[in-house]
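Note sheet for the following structure.
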C-alpha cells in the first residue's frame, strides 16, 4: 500500500514538472551568444533569424538611439516615445530585453496602456512623474500611484494598465526597460475608440453606461490615431 502511494506521488511529480515551462512569462531563452536580427526574415517564436556573424560587425552591442528624445509636443498627449525594441536595435534579438525613452512636456501624459508581453522597470531621469497602476479583479481593480522624481524607479507588472503624467512645471523624461525584445503596447483609449474597424457604438455606450452621442464624440477625437 505504501509502495503504491509513493509510486502515485512520483508519477504526479513527473506529470506536473513541465508546468513551469508552460507558464514561463519571459521570451524564450537564447540558444547562442548573439543572434543579430535579420529584420527582412520571418519572425518566429524565438525571434528573427540571425544574420551571419561575418556581416553583423560589433556595433549591434551598442546603441545611441535613446541618447536624445523626440519632441513631446509633436502629438496631443504631450509626450514622445523613442522605442528601442528589436526592430530598432537588432542586437537584442532572442535576448529577452528592450528599452524605451519617453519625454514629457509639462502636463504631458503617456496615456493608460498595457504591455501584454513584458514587465516594465522605469527610471525617471528628469522632472517628476505621477505613475499610476491599476490592478485587475484579483486586487479589486485597486489604483496604485506615486509621484516619482529624478533618480527614482518604479515597476509595472506584466499586463497591468498604467500611465505616467508630468506633474512638474518643467519637461520630464524617463527610461524604461522590458523583459521582452518586443513587449507590445495596447493604448486603452485608442483601442476602445480608434480601432479599425471601429467597435460598434451601441456596444461602447452600453459598456460605459453613457449615451451614444458621447461615444461618437470621443471616437471623433481618435479618428486620426495617436
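Any Cβ shown, glycine's included, is placed from N, Cα and C.
What TrEMBL lists as signal peptide is 1-25.
Sequence annotations record features per position, and here TrEMBL assigns disulfide bond to 35-50. Within the same chain, residues at least six positions away from residue 35 (disulfide bond) with a Cβ under 8 Å of its Cβ are 47, 48, 50, 93, 94.
For the domain 'Cupin type-1' (65-216), the mean pLDDT of the prediction comes to 96. As annotated by TrEMBL, domain 'Cupin type-1' applies to 65-216.
Residues or ranges marked as oxalate binding site by TrEMBL: 100, 110, 115, 120.
Residues or ranges marked as Mn(2+) binding site in TrEMBL: 113, 115, 120, 162. Packing around residue 115 (oxalate binding site) is summarised by its Cβ count: 23 other Cβ atoms lie within 10 angstroms of its Cβ, all protein chains included.
Of all Cα pairs drawn from 100, 110, 115, 120, which the record names as binding oxalate, the longest spans 14 Å. The binding-site residues considered are 100, 110; of these, 100 has the fewest other C-beta atoms within 10 angstroms of its C-beta. Each of 81, 102, 113, 122, 156, 162, 176, 178, 183, 185 belongs to the same chain as 100, 110, 115, 120, is absent from that list, and has a C-beta within 8 angstroms of the C-beta centroid marking the oxalate site. Of the chain residues outside the Mn(2+) site list 113, 115, 120, 162, 114, 156, 160, 161, 183, 185 have their Cβ within 8 Å of the site's Cβ mean position. Comparing residue 100 (oxalate binding site) with residue 162 (Mn(2+) binding site), their Cα atoms are 15 Å apart once rounded.
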